[in-house]
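> Dumping the structure here so I can ask a few things about it.
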């Protein structure tokens, strides 16, 4: 479809984009880093210094190993390079250890492993529909997609300032998606199986993979009306997929099964005692739910309908990760969030099964699974929004409706990451990078779809412009008022709730397009 298009402009432009963003990442090396920097340093020390039998029991530091075994082995491999930089970083008892060599090693480990992400973006560009092409290179969908992915604002600040390894993990996800677009289903399944054992957050999108591979790979034919032809079921194909899942899982979990440690591993991977929300509320349904509970509790106190002594002092915005009981609304259990998530995911999965629309239908289902899990999941981190934004980038350059959803989702989702960088020196960096990415995204997609109706209506435009006053209020006004001491959580609450509205709206619009598209497809066939 686009094997020839991968080299648009001689291919030099892609290399230039990749090199440019790599240089920017190098410039960000001295910036602030979060506690995640110490988390990964500690994991280097654990995997390097201890036998595998102690990896998921070690608790000298509060930052215990809570990623799947493949990521532990990834840290183990890195540790054998790290020892040539600074041996002291691999000492378990050197809590909060920091040195210039440690900083350089950990920063460059993220930058270098991003090579997988760059390759995945290159492969994804081959999967883009080349029908809508402009005269200039900068108006071509492949160029726009490359910028949206390689220069993604969220990845830049989360990985290269805040500090994490989302780049190479997202690279595996995008590469897996590209392989499915290229009808290389076994490779796509293998990559995703490995990804699940690197970071279990990708369970969010596992239903999309499972249903798509079963429906479009294990069943080799459909009836004229689009329904499944049951006689086309291939035992060989389903066996090959099952074998991949089994072998990858055995390689990852087998050693811990042999040590009788699987319950301990799973208790680390799924710590349900952490509470409904993270210290900073992810901008999802529960942020709106919590905000409503706070508003109702304030009203109840003012009207003397509530007893102040019965209201818990602990606040979900206090910065602590803890269990929380709501004051007015019913408290939410992990089981309740699981049920809500499954209900939210089911319609998209049903559409994927009953009215499959090829790899693009799978991609829409994947984004909806990611967004639904983000909206209703238990203890969701704000960074998880990238799991929806990055795949949505692929859809944004093909249809105006998807571009609209992407721009609203990316702008609000990226802004919701601002509280991660709360130090003064990073304030101009995050504002400038956010502005550059957002202005480019909107202008390039508007140019790409200039022959169609405007991407935003007046209400959406006003909402997105409202992020400006919100930033001024949270960063430049509230910190200089008496509210800073009395209500320190207000900036976080305002950011979370405002962004939750936009993300909920984007999720609703994408769902509506998928459901109505399925109905239109059904009507045409009849």
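Here the Cβ of each residue, glycine as well, is placed from N, Cα and C on the backbone.
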> Quick one: which of 188-214, 269-295, 296-322 does TrEMBL have down as transmembrane segment?
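Of 188-214, 269-295, 296-322, TrEMBL gives transmembrane segment for 188-214.
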> Among 234-259, 390-415, where does TrEMBL put the label transmembrane segment?
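The listed stretch tagged transmembrane segment in TrEMBL is 234-259.
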> For the transmembrane segment (428-449), which stretch among 12-32, 141-158, 335-355, 361-380 has the most Cβ pairs under 8 A?
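When the Cβ pairs under 8 Å are tallied, 141-158 comes out ahead.
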> Tell me, please, if the transmembrane segment (361-380) and the transmembrane segment (12-32) are in contact, taking contact as 3+ Cβ pairs under 8 Å between residues separated by 6 or more positions?
no
> For the transmembrane segment (12-32), what are the same-chain contacts with Cβ under 8 Å, counting residues 6+ beyond its ends?
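Distant Cβ neighbours of the transmembrane segment (12-32) are 6, 103-104, 107-108, 110-111, 114, 118, 122, 125, 137, 143, 146-147, 150-151, 156, 160-162, 421, 423, 425-426, 429.
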